[in-house]
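Asker: My questions will all concern the structure given below.
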Amino acid sequence: MDAIRQACITINDWMGASTFGRIFRLQGSGHDKEIPNTRFLTEIRAGVTTFFTMAYIIAVNASVLTDSGGTCVCNDTKDPTCSADPAYNACLLDLNRDLITATAAIAGFSSFLFGFLTNMPVCLAPGMGLNAYFAYQVVGFHGTGGVSYRLALTAVFIEGFIFIFLSLIGMRQWLVKMIPSSIKIASGCGIGLFLAEIGLTYSAGIGAITGGTATPLNIAGCPPEYLDDNGFCTSHEMTSPTMWIGIFCGGIVTSYLMSYKVKSAILVGIALVSIMSWPRTTSFTYFDYTEAGDSRFNFFKKVVAFRPIHSTLNAMDWDITVAPTHFALALFTFLYVDIIDCTATLYSMARFSGVVDTETGDFPRSTLAYCTDAFCISVGALFGCSPVTAFIESGAGIAEGGKTGLTAMTCGFCFLVSMFFAPIFASIPPWATGCTLILVGCLMIRQIVNINWRYIGDAIPAFVTVMFIPFGYSTAYGLIAGIMVYTALNGPIYLTKLISRGHIVPDDEDHREYWTVRPQGKLPWFISAAQNVSGRFGHNEVHDPSSASLGSGNSQEKFGSQYETSHDGVEAIVIEMNPPGKR
């Protein structure tokens, strides 16, 4: 063991001191902005860990997009879904194999590119939720929606270039800075709970919960034969062998190893449960003797197999006049959901990895990060996939010690390799990664103590954000809910203070976080240009409404620094005010 440990140290030191290490700012590289405690082998291990937590997307995304019917054509006048048409079902099987390759290819390309250009440990792939919206609402089940699969891909392709434009003018970065500090922290905590909720479901977890009729959620954990058509347990709750294997061999073993700071704890847990679930003779096998199990096992037996993309590559339809209204609606929805979802996820992952600048509220190479993400959305459309986005499962690699783009590049390389080993990587059961997502959620929610709980105008919007992200099953809508509550609550408080000339203010006003619509850092291009034009017409001395804030006068006098920490450890973002008449 000592020899192995010494060999690892030697490799880390050699890579850190090389030009390669300097590019990625590894420890020992001598770079001015060297990232502390970054080791080459740690980054590789973190990337592999992230890949294993994301590997389910290969099979799941292909399955979801296959339900849209893709490029398959249904000509049955009696059954618009062609569910009983053998030829159509054969086409769907081919489509599914194409989408497995396409999903692995775009996840590998986008993660590798993102890591190389941004040096951030964040991986990209076709997003869950966005793929469901694409398949079931835009295109419809087996193409029964208002927009064809090919036309929907065109909307996704155009969306990517619109995102690039918004990123270049600074709009996406400015939107992040505009969000109050407690809500930004709460979004990361909400994503942690969201991960835990995903880890508890059947589709990507241990299957401990399911939806309900009398209640929003029900205890589940029943074997598959006791699930009804709606996915609810009819009986035998909490008796599923796969759930208990996932809990003890995935959750408890991983947690035990983490308590001793074992570096590969998460990876060991995923591998252990996966290998245990492959033999067909057990009660918790992933290859049960059903039609679906037989199909998975037949694919698994191939071990090494590459499936070329036949039908989804460059399958876009540019005849927008076929359904202009539905096309515009789909494009707009993709835009506002993805811009909030991906922007919030990227910021939360950057904060989780510790690279957010405390003064500006931004992270390094943010413009390049947003542009790369947007570019990958358009490339994904060329492969036939729904919008690509930053994956919250990247938190698993960050928790494993990943801090640089090498983590994302390693994950991307694994996805590219998985195109040739798709039978293996598509056979990682969801209960093998379920407890991993729960543990990562536990690590992410620890920052909840940094929310400003002392002032109700900050605490309630933050709580709504934390609560709504997992319960609404959407990062985007959770963040929207928090911002709406913040505005609805703090707006009247500010107006009351303004009308009463400062006589009627909340008792704990001094504890609130200072907020302004003119955040620290560089303003978006279009705002700076407007100010320059205004200045040319002699309006420099007029009152600048963008400096208005929801902070109290006492708070403005009390805080003079950009970023301070109060006595009880609650972080507050404050911006130094310009004295009157000095604008």
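Cβ atoms here come from the backbone N, Cα and C positions, even for glycine.
Not my notes, these are from TrEMBL:
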type	residues	note
COMPBIAS	546-564	compositional bias 'Polar residues'
REGION	543-564	region 'Disordered'
TRANSMEM	99-118	transmembrane segment
TRANSMEM	151-171	transmembrane segment
TRANSMEM	183-209	transmembrane segment
TRANSMEM	242-260	transmembrane segment
TRANSMEM	327-347	transmembrane segment
TRANSMEM	367-392	transmembrane segment
TRANSMEM	404-425	transmembrane segment
TRANSMEM	431-449	transmembrane segment
TRANSMEM	461-489	transmembrane segment
Asker: For the transmembrane segment (367-392), name the stretch out of 99-118, 183-209, 461-489 with the most CB-CB pairs under 8 Å.
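Answerer: Per the Cβ under 8 Å count, 99-118.
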Asker: With pairs closer than 6 in sequence left out, are the transmembrane segment (431-449) and the transmembrane segment (99-118) joined by 3 or more CB pairs under 8 Å?
Answerer: no
Asker: With Cβ distances under 8 Å as the criterion, find the stretch in 151-171, 183-209, 404-425, 431-449 that has the most pairs with the transmembrane segment (242-260).
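Answerer: The stretch with the most contacts is 431-449.
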Asker: If we skip the immediate neighbours and take only residues 6+ beyond the ends of the transmembrane segment (151-171), which ones have a Cβ under 8 Å from one of its Cβ atoms?
Answerer: 68, 134, 138-139, 315-320, 322-323, 327, 330-331, 334-335, 338-339, 367, 370-371, 373-382, 384-387, 522-526
Asker: For the transmembrane segment (461-489), give me same-chain residues lying six or more residues beyond its boundaries with a C-beta closer than 8 angstroms to one of its C-beta atoms, as numbers and ranges.
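Answerer: For the transmembrane segment (461-489), the list is 129, 179-180, 182-183, 185-187, 189-191, 193-194, 196-197, 216, 336-338, 340-341, 344-345, 392, 448, 451-452.
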